[in-house]
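Listed in TrEMBL for this protein:
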type     : residues : note
DOMAIN   : 28-518   : domain 'K+ potassium transporter integral membrane'
TRANSMEM : 65-86    : transmembrane segment
TRANSMEM : 156-177  : transmembrane segment
TRANSMEM : 197-213  : transmembrane segment
TRANSMEM : 220-241  : transmembrane segment
TRANSMEM : 270-289  : transmembrane segment
TRANSMEM : 301-322  : transmembrane segment
TRANSMEM : 342-372  : transmembrane segment
TRANSMEM : 393-413  : transmembrane segment
TRANSMEM : 425-446  : transmembrane segment
TRANSMEM : 453-473  : transmembrane segment
TRANSMEM : 479-496  : transmembrane segment
DOMAIN   : 530-709  : domain 'K+ potassium transporter C-terminal'
């Protein structure tokens, strides 16, 4: 069954895949193996090695090994299967998943939008639906709390940014630990190979991974699913073989009693080692984050019936092998591979590590794109790598930044155990953020009872807090890396959001009222010349100060004047038919219009997008359908005359007027604020993508007006 181009362009999932055939579900489930589960399926490379590092390595008897496997099994079952597959995947935002999807749902239902130019008409979008208007006592109480305490809304944004920054930190650590763990297996066959050569080979692979990103995943994605399938079948088959050969009694470790025995016997050392166990569920957040590329049902089918049993069998077999080979605890994965299939599995493992890296890198591109749309990250170059599949993008600046960070971690640490400690802290932090946001979604969006929400929060939150506390203990041993990365990214995001918010407040305070413009008469106090003038602004009402600044110095303007506001809305996508909102500014003879151009947080304007023609077409359509005061033929004639006037103005030329704003802190500001605004924000503003480049404005038609605003 071939999918229509429209379906592909809108994204594979969304509401169009809620009723699909069994064949489509199975096809999508198979494809998801190569995109979503690369990170999760490579965890067996390093879980046992990291868990039995440090002092716990002194307790390598069967009971400890049985206890660790029991922890892995129940953690995998409770967090990955019950929490994410059965519950979290249902909290989609028009088919989109991830931290921003949960935040978007909360913003719409509880009216927590931090976007400054929100309008009531945005709530009429087809993707903005907020369900039934009925409120429960609990949801009303939570909404009331956010309304009475505006700072709590800012706090929620910072909390979401924390999870987002930890996810970005995850994208630095995943390629590093996956590739380094896969390559280190070669030392078993070539013992004399120095560690430096393993690091060099890993760095070469990492450079290759990031170098091919510009070609787009769609060019090599067709081999991802077969490789991931071969990898999962290989490790599960080896797991069954090792279980039967070395210790069939490992099956008894499925009993949760062994978890209690493990903690009782190992005490503090066992608790600390749980930071390694949590690595078994790295990548579960990717299932939710990549929901937009597939359907919820296909992801559930792939995980429940294939990925979950394959990985459980792999961990079981490795535990069975370890129970008879205590001395191989730090090389357990490759030592457990039967000799005849070692090299084929080694090659597949290397490719699987590449696929796992690709998944988190692509997810980071999407996260940064969403942050840019919500004014939480400086503008960067976003390139579409596929003309057919929506959402496949490439961000050069972010790509090379991630590559440098990955190489720095690989060369600086060299030890997968230390990288694993850092990895665990990043993973548990993101999961805790998701749990807290899900509790709010269950209260505000799903209208669940308090007892249900508390049960979810206590059940999964307590498990994740246990692992989080264990990872915090490892901060001196590598856990500081994701903290440093996340704090750096958070500082960048918060300062950029603060600066852009203050800029909008300045524009609102200094805007010119429409009445003042209308009072100047049809010529609005200027010489009107042929052509169309597009004045870009962040305002959805009033006339921007940049326009008044412009006409003060150059009292002439085009016959057709359009105030253009390009803004983001708290929905993932907006259809082309709802993209433009056209209105008239003043009487008809003034020739002034306002165009609000709306994008969702997952929409990425294409660089070759013919914006100028689409805008003029939208204005013409508005003129032709606008209710008139005249009747009959006279009204029709006036519409045709105005339409012809607009088309002639377009032929005469289109000019773009942009405000080039510079932020400065007030003299009375603190030293910290001056540093943030005058140095950091100014540096980012100077070096980020210019507004003219983002909006694809022709340089030959561009006029920039400089302004300074104080915050």
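Just so it is clear, glycine is given a Cβ too, placed from its N, Cα and C backbone atoms.
Note that the coordinates shown come from a computational prediction; the quantities given were computed from them, not determined experimentally.
With Cβ pairs under 8 Å as the measure, the transmembrane segment (270-289) is packed most heavily against 425-446, out of 156-177, 393-413, 425-446, 479-496. The average pLDDT computed over the domain 'K+ potassium transporter C-terminal' (530-709) stands at 83. Taking Cβ pairs closer than 8 Å, the transmembrane segment (425-446) reaches residues 79, 83, 87-88, 91, 99, 102-103, 105-106, 109-110, 131, 138-139, 142-143, 159-160, 162-163, 166-167, 169-170, 173, 275, 278-279, 281-282, 284-285, 288, 452-453, 456-457, 460-461, 464-465, 467-468, 471-472, 474-475, 479, 482-483, 486 in its own chain, all 6 or more past its ends. Contact between the transmembrane segment (156-177) and the transmembrane segment (393-413) is supported by 3 or more Cβ pairs under 8 Å, counting only residues 6 or more apart in sequence. Looking at 65-86, 220-241, 342-372, the range that has the most CB pairs within less than 8 A of the transmembrane segment (393-413) turns out to be 342-372. The transmembrane segment (65-86) is not in contact with the transmembrane segment (220-241), judged by fewer than 3 CB-CB distances under 8 Å for residue pairs 6 or more apart in sequence. Same-chain residues lying 6+ beyond the ends of the transmembrane segment (197-213) with a Cβ under 8 Å from its Cβ atoms: 175-176, 179-180, 183-184, 186-187, 220, 350, 353-354, 357-358, 361, 394, 399-400, 402-403, 406-407, 410-411, 414. With a cut-off of 8 Å between Cβ atoms, the residues of this chain six or more beyond the transmembrane segment (453-473) that come close are 75, 78-79, 82-83, 87, 138, 271-275, 277-278, 421, 424-425, 428-429, 431-432, 435-436, 438-439, 442-443, 479.
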